[in-house]
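According to TrEMBL:
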- 70-89: region 'Disordered' (REGION)
- 128-150: repeat 'WD' (REPEAT)
- 151-186: repeat 'WD' (REPEAT)
- 195-236: repeat 'WD' (REPEAT)
- 237-278: repeat 'WD' (REPEAT)
- 291-325: repeat 'WD' (REPEAT)
- 370-406: domain 'SOCS box' (DOMAIN)
Amino acid sequence: SRTGRSEEPLLLAELKPGRPHQFDWKSSCETWSVAFSPDGSWFAWSQGHCIVKLIPWPLEEQFIPKGFEAKSRSSKNDTKGRGSPKEKTLDCGQIVWGLAFSPWPSPPSRKLWARHHPQVPDISCLILATGLNDGQIKIWEVQTGLLLLNLSGHQDVVRDLSFTPSGSLILVSASRDKTLRIWDLNKHGKQIQVLSGHLQWVYCCSISPDCSMLCSAAGEKSVFLWSMRSYTLIRKLEGHQSSVVSCDFSPDSALLVTASYDTNVIMWDPYTGERLRLLHHTQLDPPMDDSDVHISSLRSVCFSPEGLYLATVADDRLLRIWALELKTPIAFAPMTNGLCCTFFPHGGVIATGTRDGHVQFWTAPRVLSSLKHLCRKALRSFLTTYQVLALPIPKKMKEFLTYRTF
């Protein structure tokens, strides 16, 4: 059931990097970013020391219990013959901070890569963007592991990356140089806009699934919401007491969540700017002394693919799973030094990255969405809050459709 305490997340698998001899192991080994391709067939792991691993999903069967195979490849996975995808190692030459897969497939890109890279087969290709320590963004073709483009413009670390979900190959990058930049990969990576206004390092950028809005969090108390149509600032969301470091939109674009060092996640209506809910991260075991004030500082927040759950990673060594309607977490998993989290696009699995360069895969709640929620999700994918409020329907229905019932 959706309410009440669910099963605690089980650790499905853990990936650890092999130790390279040429590096001091302690420096630059963090996994700042993990990502699944939108079709669920690849996993990208920034494993530290400038290396990104591209791993076909699902993992080798011995890691994953029955019932957790990705639908997209479970049938093909029975035969491990020629032509099955191989794990790839991308040496980015710099510490990798941000990762983003392009939507799949991306037909407009076909001609671009074929024209500029005759050696690349003429297929619609899945792309991985990597944001680097020196401000460069490297664009890779996933199937071949080839470097396709190098985007220059940022003056400092590229901390986060986000592709428009529509498949238009517009890429947004967030940097410590306090700007966000918009790139068009269909125009050979042309920079089409610089978004200025943040006063601190930009930590996170997230594009709404309907491609209308961009949210950015920059270690400030306010969150910026931009129009993806005009690239202008729509509004600032005020409500956090400390640096905001992570943000994510719900799958229907109707909700926005932001996570802050103030130990809170705030759920917003991005259309009206209203604060709908506050999720407070209380500690399970109080520390023996008061030395570490920021023990529950949040690092990452993300929505589940059906939009009924959230996952958060905090410095108090816990991965938490929250149900949309409830104010307290429904499940916890012990997790040391967590930095990032993301859901598998078909549900059932959460990937987390740590300061030690490890990746952990956890079981996530599997739920059949109610018909009510499916209708809400379908409607909210193309109706703004104001459009819903203008409908000639009962008030209770409007409250449900605008997530005002909890």
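Glycine residues also receive a Cβ, built from the backbone N, Cα and C atoms like all the rest.
Tertiary proximity for the domain 'SOCS box' (370-406) is limited to same-chain residues at least six positions away from its ends with a CB under 8 Å from its CB atoms, namely 209-210, 251-255, 267, 269, 271-272, 276-277, 306-308, 324-326. By the Cβ criterion (under 8 Å, sequence separation of 6 or more), the repeat 'WD' (195-236) is in contact with the repeat 'WD' (151-186), since 3+ such pairs are found. Remote same-chain partners of the repeat 'WD' (291-325), defined as residues 6 or more beyond its termini with a Cβ less than 8 Å from a stretch Cβ, comprise 2-3, 6, 9, 245-252, 255, 257-261, 263-265, 279, 281-284, 331-347, 350, 352, 362, 364-365, 367, 369, 373, 377, 403, 405-406. In terms of DSSP secondary structure, the repeat 'WD' (291-325) contains 0 helix, 18 strand, 17 coil. Long-range contacts of the repeat 'WD' (151-186) within its own chain (CB-CB distance under 8 A, at least 6 residues past either end) are made by residues 32-33, 38, 97-103, 105-109, 112, 127, 129-139, 192-196, 198-207, 209, 211, 214, 216, 218, 226, 228, 231.
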